Every structure is written in C-alpha cells, then in structure tokens.
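> Take this structure first; my questions come after.
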C-alpha cells in the first residue's frame with residue numbers, strides 16, 4: 001500500500017521535474033538575453049526580475065525533488081517540505097508583486113500617458129524590483145523561522161501572526177493586480193480612444209492570464225495549509241497539483257515571449273535576441289520595417305531608457 005502511494009506521488013513529481021527542466025532552460029535564456037545582450041529599459045527590468053523569480057522557484061523545486069530521490073536510498077533528515085515552502089513563498093510573492101507592478105505601470109501609462117511620462121522617476125523599475133525582492137525574502141524568512149516544521153519552540157501564536165501578515169499582503173497584491181489588469185484591458189478594448197494592441201500589451205495580458213490560471217492552485221494550497229483542516233490525502237493531492245501548475249507557469253512565460261515575438265514572422269531561422277525584442281516592443285506592428293528593429297522599439301510608451 002505504501003509503495004502504491006509512493007508511486008502515485010512520484011508520477012506528478014516526475015512530470016513537474018520535466019516541466020521544471022524545460023522552464024529552467026527557457027528562463028536562463030531570458031536572463032542571459034535581458035541581462036547581458038540587450039539594453040535594459042523600464043519594462044525589460046520587470047521581465048528580467050520575473051524570469052529570475054521563475055528561475056529561483058524552479059531551482060528550489062528541482063533541488064527538493066533530487067533530495068526526495070536520494071532519500072529513497074539513504075535515510076537522512078533533510079527538511080524538503082520547508083525548502084519547497086520557503087522557496088515557493090518567496091518566488092510566489094515576488095512574482096505576484098512584480099506582475100502587480102507591471103500591470104499598474106502599464107495601466108497608468110495607458111490611462112494618463114502625459115502625467116506618467118512626466119512624473120515617472122527614471123530608475124523606478126530597478127528600485128521597485130529591489131524593494132519587492134527584499135520584502136518577499138523577508139516574509140519568506142519569517143515564515144521559515146516561525147512556521148517551519150523544524151521549529152518546535154516558536155509556538156503557534158507567532159506562526160498565525162506571520163501568516164496573517166503574508167495573507168494580508170497577498171490580498172493587497174491580488175486586488176492591485178486584478179484591478180489594474182481589468183482597467184488595462186478595458187482601456188485597450190473599450191476605451192473612448194482606440195488604443196492599438198501592440199506586442200507588448202499581448203505579452204503582458206498573456207503573462208497575467210497564465211499566472212492567474214496556473215498560480216491560483218498554489219495560492220489556494222498556501223491558504224489551506226495554514227487556515228483550514230484538510231484531509232491528508234486531499235492535502236497531498238493539492239500539494240502535488242499546485243507544484244505541477246506552478247512549474248507550468250514558470251515554464252510558460254519564456255514560451256509566451258518567444259511565441260509573441262515570432263508571431264506573423266516569415267518561416268526562417270529566428271534570432272532569439274530579435275524575437276525577444278519584438279515581444280517587448282511597444283509600437284504598432286505595421287510600423288516595423290521587415291525583420292529589423294530600430295533601437296527605440298523596446299522603450300515603453302514615453303519612458304526613458306534605464307541603464308541597469
């Protein structure tokens with residue numbers, strides 16, 4: 001019976017591992033191109049940090065899986081659950097925070113373009129990402145210290161306090177994320193002045209949609225694990241499903257970038273750098289000149305180029 005249960009649990013883990021390996025390669029490509037091969041701007045800074053968040057989560061997931069494999073043959077105590085939980089919380093909060101910042105900025109630039117162009121600080125993207133990463137790591141460390149299975153003397157009281165803080169912050173992020181995304185969608189589709197749907201907007205909307213569909217199970221799992229008493233089998237099933245969907249989300253983002261960038265292009269060997277540039281361009285598609293891109297196509301509407 002235990003062997004059957006272990007086998008059933010192993011199958012979704014293997015599936016998640018295969019997806020994670022593909023996502024690791026895709027996010028590594030995005031990190032390499034945006035970090036070392038392309039000139040960064042306000043929006044690409046967010047995409048760079050989002051890819052880092054996905055890469056971070058996938059590394060933790062693969063590490064935890066390898067530890068589980070080793071534990072089948074050698075008995076030793078390694079807090080696999082705590083590793084996955086801490087890494088998952090940090091990457092989940094960081095990813096949702098960065099996506100909230102992306103959707104909010106694009107919403108502001110679409111609704112009030114002149115005000116946004118004149119008031120936006122030059123290095124706001126880099127500063128915002130640094131603050132969001134610091135906050136995400138702080139919350140992840142708090143959860144690890146007070147809610148870890150290894151920490152017995154911390155007590156339930158402080159664990160509940162920490163979970164309340166994390167839950168409240170996730171609610172704020174989700175409300176901001178949802179509200180700005182709906183406002184952005186309304187501005188594009190139903191605004192009084194029709195706004196051309198550029199590849200940048202397509203990339204943003206697809207990324208937001210995939211995050212909602214794939215990361216929602218992981219958010220439900222985090223909530224149920226701390227607040228609701230769930231049957232162990234149902235809890236294990238939700239844990240496995242949430243891991244698979246989270247790996248799918250982290251794997252899908254690079255695919256979205258390269259799909260949008262290569263869409264409607266002639267069937268020929270594509271340069272990954274140019275494909276990624278097309279996916280992040282904020283000019284109407286009819287303004288393109290063949291396959292070449294002007295230097296300014298990567299700039300956000302009215303935003304100044306950031307140097308790192």
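Cβ atoms are placed via backbone N, Cα and C, with glycine included.
Owing to the predicted nature of the structure, the values given are computational and were not obtained by experimental measurement.
Straight out of TrEMBL:
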COMPBIAS  294-308  compositional bias 'Polar residues'
DOMAIN    26-257  domain 'G-protein coupled receptors family 1 profile'
REGION    285-308  region 'Disordered'
TRANSMEM  14-34  transmembrane segment
TRANSMEM  46-69  transmembrane segment
TRANSMEM  89-115  transmembrane segment
TRANSMEM  127-152  transmembrane segment
TRANSMEM  164-188  transmembrane segment
TRANSMEM  200-224  transmembrane segment
TRANSMEM  236-260  transmembrane segment
> Pop the mean pLDDT for the domain 'G-protein coupled receptors family 1 profile' (26-257) in here, whole number is fine.
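Taking every residue of the domain 'G-protein coupled receptors family 1 profile' (26-257) together, the mean pLDDT is 82.
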> Are there residues at least 6 beyond the ends of the transmembrane segment (164-188) whose Cβ is under 8 Å from a Cβ of it, and what are they?
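Distant contacts of the transmembrane segment (164-188): 89, 93, 96-97, 99-100, 103-104, 106-107, 110-111, 135, 139, 142-143, 195, 197, 201, 204-205, 208, 219, 223, 227.
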> Counting only residues 6 or more past its boundaries, what in the same chain has a CB within less than 8 Å of a CB in the transmembrane segment (236-260)?
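Residues 9, 12-13, 15-16, 19-20, 22-23, 26-27, 29-30, 47, 50-51, 54-55, 57-58, 61, 84, 88, 91-92, 199, 202-203, 206-207, 210-211, 213-218, 220-221, 224-225, 230, 272, 275-276, 278-280.
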> Would you mind listing the long-range same-chain contacts of the transmembrane segment (89-115), meaning Cβ under 8 Å and 6+ residues beyond its ends?
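Those are 42-43, 46, 49-50, 53-54, 56-57, 60, 125, 128-129, 132-133, 135-137, 139-140, 143, 166, 169-170, 173-174, 176-177, 180-181, 183-184, 187-188, 191, 195, 201, 204, 207-208, 211, 215, 218-219, 222, 246, 250, 300-303, in sequence order.
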